[in-house]
Each structure stands twice: as structure tokens, then as C-alpha cells.
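Step one of this worksheet: look at the structure below.
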Amino acid sequence: MGWLPLLLLLVQCSRALGQRSPLNDFQLFRGTELRNLLHTAVPGPWQEDVADAEECARRCGPLLDCRAFHYNMSSHGCQLLPWTQHSLHTQLYHSSLCHLFQKKDYVRTCIMDNGVSYRGTVARTAGGLPCQAWSRRFPNDHKYTPTPKNGLEENFCRNPDGDPRGPWCYTTNRSVRFQSCGIKTCREAVCVLCNGEDYRGEVDVTESGRECQRWDLQHPHSHPFQPEKFLDKDLKDNYCRNPDGSERPWCYTTDPNVEREFCDLPSCGPNLPPTVKGSKSQRRNKGKALNCFRGKGEDYRGTTNTTSAGVPCQRWDAQSPHQHRFVPEKYACKDLRENFCRNPDGSEAPWCFTSRPGLRMAFCHQIPRCTEELVPEGCYHGSGEQYRGSVSKTRKGVQCQHWSSETPHKPQFTPTSAPQAGLEANFCRNPDGDSHGPWCYTLDPDILFDYCALQRCDDDQPPSILDPPDQVVFEKCGKRVDKSNKLRVVGGHPGNSPWTVSLRNRQGQHFCGGSLVKEQWVLTARQCIWSCHEPLTGYEVWLGTINQNPQPGEANLQRVPVAKAVCGPAGSQLVLLKLERPVILNHHVALICLPPEQYVVPPGTKCEIAGWGESIGTSNNTVLHVASMNVISNQECNTKYRGHIQESEICTQGLVVPVGACEGDYGGPLACYTHDCWVLQGLIIPNRVCARPRWPAIFTRVSVFVDWINKVMQLE
């Protein structure tokens, strides 16, 4: 080999080694501080103005008397620690300023390779014998002298001679000189169940032996799986995980030339150990749903085999028209039978590859969600203002807060402020005349209020919605700058709808639309949101752009995280999303007006829908499209739908050409021009077929639920 190829090889190797982060040797405990309770134990001084946590790790790593460090996120300070959480007299505390990093060798409960680097605190052999202290020569004499470098502390199991069986110790039994401690390798310690989505082991190398890249770093490979966005995926340190529903756990590697690889982990097999039998995967698969789906639909096992746009699904065991990795044999526990809608990768809802070459995959949003509501425990008349029963739990089973209590929520309505409302104990009541029935504040700190486990009495018919009011005045909403009068989604054209938002999942992908009804509130469809109770960490709304995939740094783009979701009244199919901060209103981002309560849009009114959804080949769906539609009466709509259209729904005229809402548009607005303003009269929900010619499109009528919308925005 000549000197030039050798030089190039050395440069390449040095680059590969240079991509390894010193943080790879540490376990991270976010928002945690480690204190030693002894006054005589003093940590190292704070070293301020450190570049980042990697610099702290670089300082701590080679020091034998540094086993952990604090990193102050605010001051970028670093404090080296001579102890870990397993040291005597130490205790972990929550911290709003610090992250704790501890050397893996000191806190791992398993060993890598033969455990020469193991520095844990196991002090008993596999046979149950206590270990002899390394500093003692009785009852068993030996040649080892404890030093800071060899780590022969106390009577902890160690492997100073590289025994292939792993750490061992001399015993306190004269007849048994030494014995293995039986500490499992990290590979053996935890097996993989199903495809390993719930794997939480501590293996940090791939099957080829490459070291894994930390999930919280973006070098050498940038990626979307940021731990703070994927809290449920346990993306700790650089351990093998499966956040995207791959065939088995994997990781990004520290080799710049190899982005990601699978990890070599044992399968649990058919005879599951007791510790695995209660895993999340198996609990999630109990009571598989056939006619509806829960959460994200990972347990859905029904036979729906078309998308919400009516496109037939491709068989999972076929690779045409679309090639894919979800081969049924490799995903045995995902039930990838025939061409049924499934969710093998933890997407937002059940989906499938489609039989249309130009459309790779689509959701099956037409599958209903399983009801989460309790069987009603009583009934009420009218709107329930006179209800004086003793039901004291919400429709989801959450206990009500006492009306006189201020914990966990400070109530607007109390026995003192509303003496005629019967606000006794924590019984469900309706002090504000809510048209959707009795409600209560809840004992859940994250749920301010909800409607109760009650239903309208059978002999009580709800009043019909009112006629349109004579005078309607709107201010500071529903205004836009139209560059063209030709604003005409399927069959639509690129248009301007500054209140239409794009909902983005944790990987930044568009999956639904929504409408900006207040600076910090977005209205969307229940079918788009997988949970109204669990945090939607990592989900965002994007505003101010007509591009589905805007370029980084696009001037008018606003990206705002979703703080929480509030589910609408029963049958509404609505969800309000509260944003972490208010958006900035301008020509590109505007509020849409809400209609008056119970407002009925006159037949013939021209409205428009907007979205980035599937256009079934009629146009380019990478930009926002707007399509015009005329409202028809519910009576006319029911002639097509055989009387199934309710007053809480609104219809638009079916056209000969396919114009309507499709995959990706759901949750977006049906906006009608009323009194010189654009008003949110309807919300796009999944229909039986996408943009079916000559069939009316159905929307949720927003005016029926506008009192709930205003109530949530006021109370929250």
C-alpha cells in the first residue's frame, strides 16, 4: 500500500472516531440534582461558561475521582461530582436548572462484554454468598491491591483479570474461595417482545459492533427523533430503541458513513418471562378493537380495507404498486392480514398503502373512535339547569371537584356566586346554562371541566336550532387580502386562507388541518387527535404559509407547539387545541370568525373549504388549495342520506365534477362569507367517500357548539 491510500485511510478513521461524543459514556437524568447528605462531603466547584454538556463530559471522563456531573442549563455551568446515586448518603432531587450525567459503568445494572469496566454495587455471588472486601486478605488471601484505577472498592463484584464469565469476587466462605456474581450482559438482561417498541434495555452498540449515536445529539447524523418530542419512546442516551415501528430496535451510529443499523438483541420467544408478560405491548393488545379504534389505533383488528378517501388498500404481503418494509412475516404481532387498515408504526391512526400508484399511503379516518364515555348514570331535562341529582363524575369517569373548593382549579362558579344553581358538594350542575348539559370542575389538574355521565331524558326532545338573527356584527376576524377573485382539496386551486393551519406530527409531517379561532386556540376534528388526556408533546401547528413543505427560514412561517387538547361535547367531533403561546397576526395569519350560537347558514350561501389534502390527481397538493361549495338545507341533504343528517351537521351541494375534502384536509374550515367576514360555519370531517360526484359533503355545524368553544377559551 502506498503512502497516499494509507494517509486517506487514517484520515477516514480519525473522522469516524472523532464523531463519538464523550457523552456516550454517561447516563442522563433530566431535571435532576444529586446531593450528598453528609456535611463533610463536598462536590467540586462550579465551572462557569462551559460550552455545553459535551465539554463537561470531556472534563469528567478521564478523571478517576469524577463519576458524575451537573450541567446548569441556564448558566452553562458544570459541577463535577465524586459520587453517583448508588453511593452512600446520596439522594436525587428534582431540579428546574440542572441535568445530572452519571458514568454508565457506575449506574448500569448489567455489563458490556465481559464486565471489566463494571463499577456497580452488586456485592453477592450468583450462589448467594457475600463478597469479601478487596482490601482484606481473610478468609481468602489474594494478590489484588485496591487502587482508584482498578476500581476494587468495598466488596463489590469486579473483573480485574478479564474473566470471560464476567465480574466475580472472593467470598466470605473459607470453603468457596471465589465465585462469579452472575451479572447478566446488557444484551441478555432484556429480551425483545414483538417488534421491540417497548424495549427499554441498555445495549448501545449495533449488530455490527458500531457504537450508537446519542438520541439527544444531531451529529454525525441529523434526525427527527428528539427525546423531548418522543417522551413515550424512552429515547435515553444512546441505547437501542424502536421509535418508528421498525422491524426491531435500532440506533443511529457514530460512524458518519453508516446512518443507522439494527441491534443484536434476543427475542423473548413464546415462553415469556414473568417480567415481560406485563409489558406495555401486551397490555395494549388486550381487548383488540374490531369496529372502532382507541388512541392511535395500534390495536385495531377490524376489516376496513379502504382509505377515508375511498381508495382500496394494497395487500400487506404485496410489493406492488408500492414497495415497503412492512412484510407480515416480520411483523407477526401486527396482524398485517390481507389489505386491512392497520397501524404498525405508531402513526396518528390506522392506515394502509393504497392500490393507486400515485398515492403511496393514506389514513383510514372513516373508522370511528371507540367511545371513552361511561354509561350514563342519570338523565336531565332541557339543558339540565334544574338537575339536582347526585352524579359526581364526568363522562370519562373523572371525579368532580367540590364547587366550594379551590383545588386543583379555582372555580368561576361557587355556591356564593351562583346561589340558585344548587352547587352542593361535588354534584354535576349547570350554573351557566350550558346547552350541552350539566358539567363540573374535575379533580384532574390537567382537565379544568368536563360534561357529566348524564344523558337527556328519553321523553325530552332538544329544541330545534334557531333561525338566523337579523343583525350580526363581527370585529377583527375573518378578514384577508385577496390577490385574485378566482378563489375556487379536490378540484380546487391554490388559494388564500390565512386561518387554515397545518397540524404536524412529531416528525414534522402534515396530517390534518385546523382553523385559528383565537390567537392561542385552534379548532380541529376529533379524528385527527389521538388523545385528549395525554400530552401532545412534539406536535405543532404551522401557519402563515401555503406550502405543505415550506423551506427552512420561510419568512412568514410560524411554528407553535400544541400545549393541550380539549375534546368537545358528545357527538361534536370537535377538539380545541391550546397553543403554547399566541400566534402573531398579520396578512398571512388571521383569525376566522365564529358564528352566532345556533346560526343556520341559508341554503345557496357560497362557502369554501381549504386544505393540503389528497387531490386524487386533480391538482398539486403540495400547496394550500381552496374550493368553492354551496350550502344546501338539511332537508335536501337528507334525501340523499335517508334521514341520517342531524341538526349538528351542515351539507354542501354535490357537484358533477369531483370537488371536496380528502385525506389531510380533515379538521379544516368550511368558511362562509357572511356580513363582510369569513365565518367558520363547518368543520371538515371524514365522509364515506372523498369528493363523491353528485353527493353532498357533510360537515360538523360549528354554530351548535360555539357556546362550548367560547366557554373553553374563557375558562382555560
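Every residue gets a Cβ built from N, Cα and C, even glycine.
Summarising the environment of CYS56 (disulfide bond), the number of other Cβ atoms within 10 Å of its Cβ, over all protein chains shown, is 27. If you look up Swiss-Prot, you'll see CYS56-CYS78 (among others) marked as disulfide bond, on the strength of similarity to another entry.
Marked as disulfide bond by Swiss-Prot: CYS60-CYS66 (among others). CYS66 (disulfide bond) falls outside any helix or strand according to DSSP and counts as coil. Counting Cβ atoms from all protein chains shown, CYS66 (disulfide bond) has 18 others lying within 10 Å of its own Cβ.
The feature disulfide bond is assigned by Swiss-Prot to CYS110-CYS186 (among others). In the structure as shown, the Cβ atom of CYS110 (disulfide bond) sits within 10 Å of 19 other Cβ atoms.
Neighbour list (CYS169 (disulfide bond), Cβ cut-off 8 Å, at least 6 residues apart, same chain): ALA123, THR125, CYS131, GLN132, TRP134, ASN155, PHE156, CYS157, ARG158, PHE178, GLN179, CYS181. As annotated by Swiss-Prot, disulfide bond applies to CYS131-CYS169 (among others).
Annotated disulfide bond per Swiss-Prot: CYS191-CYS268 (among others), in sequence order. The number of other CB atoms found within 10 A of the CB of CYS268 (disulfide bond), across every protein chain shown, is 19.
DSSP assigns CYS194 (disulfide bond) to coil in the three-state reduction, placing it in neither a helix nor a strand. The disulfide bond annotation in Swiss-Prot covers CYS194-CYS333 (among others).
On its own chain, CYS212 (disulfide bond) has ASN24, ASP204, VAL205, THR206, ASN238, TYR239, CYS240, CYS251, TYR252, THR253, THR254, CYS263 as residues at least 6 apart in sequence with a Cβ closer than 8 Å to its own Cβ. Residues annotated as disulfide bond in Swiss-Prot, with similarity to another entry given as evidence: CYS212-CYS251 (among others).
Marked as disulfide bond by Swiss-Prot on the basis of similarity to another entry: CYS292-CYS370 (among others). In the three-state DSSP reading, CYS370 (disulfide bond) counts as coil. Non-local contacts of CYS370 (disulfide bond) by the CB criterion (under 8 A, 6+ apart in sequence, same chain) comprise ALA289, CYS292, PHE293, ARG294.
The DSSP secondary structure for CYS452 (disulfide bond) is strand. The Cβ of CYS452 (disulfide bond) lies under 8 Å from the Cβ of VAL391, LYS393, THR394, ARG395, CYS400, CYS428, GLY437, PRO438, TRP439, CYS440, each of these being in the same chain and 6 or more residues away along the sequence. The disulfide bond annotation in Swiss-Prot covers CYS428-CYS452 (among others).
According to Swiss-Prot, the disulfide bond annotation covers CYS512-CYS528 (among others). Residue environment of CYS512 (disulfide bond) contains 30 other Cβ atoms, counted within 10 Å of its Cβ in all protein chains.
What Swiss-Prot records for CYS607-CYS672 (among others) is disulfide bond, and it gives similarity to another entry as the kind of evidence. Sequence-distant contacts of CYS672 (disulfide bond), defined as residues of its own chain at least six apart whose C-beta falls under 8 angstroms from its C-beta, comprise VAL601, THR605, LYS606, CYS607, GLU608, VAL631, TRP678, VAL679, GLN681, GLY682.
Taken from Swiss-Prot, the feature disulfide bond covers CYS637-CYS651 (among others). Take the CB of CYS637 (disulfide bond) and look out to 10 A: across all protein chains shown you find 24 other CB atoms.
Swiss-Prot lists 292-370 with the feature domain 'Kringle 3'.
With helix defined as DSSP H, G or I and strand as E or B, the domain 'Kringle 4' (379-457) counts 3 helix, 17 strand, 59 coil. What Swiss-Prot lists as domain 'Kringle 4' is 379-457, and the listing cites sequence analysis.
Positions annotated as N-linked glycosylation site by Swiss-Prot, on the basis of sequence analysis: ASN72 (among others). Around the Cβ of ASN72 (N-linked glycosylation site), a 10 Å sphere holds 20 further Cβ atoms from the protein chains shown.
What Swiss-Prot lists as N-linked glycosylation site is ASN173 (among others). When other Cβ atoms within 10 Å of the Cβ of ASN173 (N-linked glycosylation site) are tallied across all protein chains shown, the result is 15.
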Do me a favour and check the Cα-Cα span between CYS56 (disulfide bond) and CYS66 (disulfide bond); whole Å is fine.
11
Which one is it, among the disulfide-bonded residues CYS186, CYS194, CYS637, CYS651, that lies nearest to CYS528 (disulfide bond) by Cα separation?
CYS651
Could you give the Cα-Cα distance between CYS333 (disulfide bond) and CYS66 (disulfide bond), in whole Å?
45
Fewest other C-beta atoms within 10 angstroms, as judged across CYS191, CYS428, which are the disulfide-bonded residues:
CYS191
Just give me the nearest neighbour of CYS268 (disulfide bond) among the recorded positions CYS78, CYS186, ASN305, CYS637, Cα to Cα.
CYS186
In three-state terms from DSSP, label CYS528 (disulfide bond) for me.
helix
For CYS60 (disulfide bond): intrachain residues, at least 6 apart, with Cβ closer than 8 Å:
PHE26, CYS66, ALA68, PHE69, LEU80, PHE101, LYS103
Tell me the Cβ neighbour count for CYS78 (disulfide bond), meaning other Cβ atoms within 10 Å of its Cβ, over all protein chains shown.
25
